[in-house]
C-alpha cells in the first residue's frame, strides 16, 4: 500500500482554480494567430462559431477531460502520470521539455509586446523616415517609393538597383532597430539590449508572482484578469462610437466564404488552433487535475474550460478584427496593404505601424496583448514547479530556488531568441509548435491511454473516481480522436514536405529535428525501458507500474477491490469511509 500523501498547497477556492485554468488557456496566441487568419481567409465569425463548437465537442473537450482525469485520479503530474504505462514515460518527458521551449518562445513574444508598448509612448514615430542610423540605402517610405528608386537608378545604375532587396522604413525599423537582425552583426548576432531589459522585466514579474506560492499567484491573476477584460470592453465599444463604427461591425459579420469549408486545410488550421489555444498536449491540465479533490466532477470542469476558451477565441476575434478594421479606416489603409505589412512583422506589433491612428488606442491594444500573455506565463511557471514537486517532493522546501531556476532557464532562451539567428529560430518554433508538436503530443497521449493502458481500464478509473460510467459519447471519441488527430498531423507533414518549406539549410535541419523530436524521445526511452526490463526479467513491458493508482493509501486499496458490476455498493462504501477526510 502506498503511503498517504499529504495535501499540497493549492488554490484557495474552486473559483481561483478556474481562474488559473482560464488564464493559462486564453493567452496571446489568440490575437497573434486566430484573428489575422480569419481576416485573410474570409472565415467569418458566423462561420467560425459553429465550426469551433464542432471541433470543441470532437477534440478539445475529450482531450481536456482525459488530462484532468489522469491528474485527479493519480495525483501525479505529467511525468509521473505515465506510471500507467512506464514504457511510454518518454511522452511525459517530451511534453515537459516542449513546454519549457514553449515558455521561452512565449516569453519572447510578450517581450516584443512590452517593447512596442513603450515605443508607442513616443510622440514622433521613428519608423516614418529613412534618415535614421539604422536605415540603409535600400530603404523607402510609402510616400517616396518611386522617387527613391529613381534616385538610386541615376546614381548607381538601374541594373544594380533592381537587384536590391528594397525594404520599407517600417521593416528596417522593426528588423534593424528593434530586433537588430542586420547582417553586419554576423551570422549569430548579438542580443538586442533593449529586448533583454524588457525580457528581464517580464521574468522578474513572473518570479515575484510565484515567489509566495499559489496565494501570491492568485493576487496577480485577479489583477491581470480584470484589467485586460476592461480593456477589451473599451476596445470593442470605442470603434462603435466612430461614424464608421457600425460599418466595420457589419463588414465583420458579413464577410463569409462558405467555400473555405471544402478546403481541408481550413479544418486542420481550426483543429490546430483549438488544441494550441487552450494549451493542450503539454500536460498542463494533468497538473491542474492534481490540484483538485478526488471526487470533483470532471465533466463539468472540462466543458466549462473548453467553452470558455472557445468563447474567448470568438469574442476576442470579434474585438480585435473590429479594432483592426477601424484603425485601417482611420489610417486610410486598405486591408490588403495591412496584410502585406503583417506578413513581414509580428501580428500584435503590426498595428503599431498604422499611420494616422491614435497612439492611445494602439498603446491600449499592445498592453492588453502583453498582460494577456503575462498571466499565462505566470500560470505556466506555477505548473513547472508542481511538476518538479510531484516527482521530487523534497524540492518543495526549496520553492524559491526552484522558481529562480526555471526563471533563469526561460530567460536564457529569451536571450538567445533576441539574437539575429535566434529570431529565425523563433519563427521556426512558432510554426512547428502549433502545426506539429501540439497535435503530435495530443495524439501520443491518446494512443498511450486508449491503446496501451486500455480504454476499459481508463473508464473503470473514472468510474471509481466519479461514481458514474462514461457515456457512449466519451468512449467513441476516445477511440476516434487518435485517428482524427493522426490524419491532421499527416496532412501537416505532407503540406510541409511538399509545400516548399522543406530544405537542408541549417534552419531547415533544425525545423525537421524539432518536428521529429517527440517521436525520437519517446522511441529512445521505450527502447531503453525494454532493455532494462529484459535484464530485470520483467517481460510485461506494457503493464502498469505496481504503484499506479490513487496515491491515498486507502483509496489505492479500495481501487483494487473495485468491480464494475458491484459499483453501487463499493461507491457507497467509499463515500461512508472517506466522508470525514
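Cβ coordinates are placed from backbone N, Cα and C, and glycine is handled just like the others.
According to TrEMBL, the protein carries these features:
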BINDING   277, 376  Na(+) binding site
DISULFID  130-139  disulfide bond
TRANSMEM  17-39  transmembrane segment
TRANSMEM  45-69  transmembrane segment
TRANSMEM  81-102  transmembrane segment
TRANSMEM  195-213  transmembrane segment
TRANSMEM  220-240  transmembrane segment
TRANSMEM  270-290  transmembrane segment
TRANSMEM  302-325  transmembrane segment
TRANSMEM  401-426  transmembrane segment
TRANSMEM  432-453  transmembrane segment
TRANSMEM  473-494  transmembrane segment
TRANSMEM  514-535  transmembrane segment
Rounded to the nearest Å - Cα separation of residue 277 (Na(+) binding site) and residue 139 (disulfide bond): 37
Winner by Cβ pairs under 8 Å against the transmembrane segment (270-290), considering only 81-102, 220-240, 473-494, 514-535: 81-102
Integer Cα-Cα distance in angstrom, residue 376 (Na(+) binding site) to residue 139 (disulfide bond): 38
Long-range Cβ neighbours of the transmembrane segment (195-213) (under 8 Å; 6 or more residues past either end): 9, 107-108, 110-112, 114-115, 118, 178-179, 220, 374, 377-378, 381-382, 385, 399-400, 403-404, 407, 410-411, 414-415, 418
DSSP state at residue 376 (Na(+) binding site), helix/strand/coil: helix
Cβ neighbour count within 10 Å of residue 376 (Na(+) binding site): 23
The transmembrane segment (432-453) vs the transmembrane segment (401-426): 3 or more CB pairs under 8 Å: no
Other CB atoms within 10 A, centred on residue 277 (Na(+) binding site): 24
DSSP-derived structure type at residue 130 (disulfide bond), helix or strand or else coil: coil
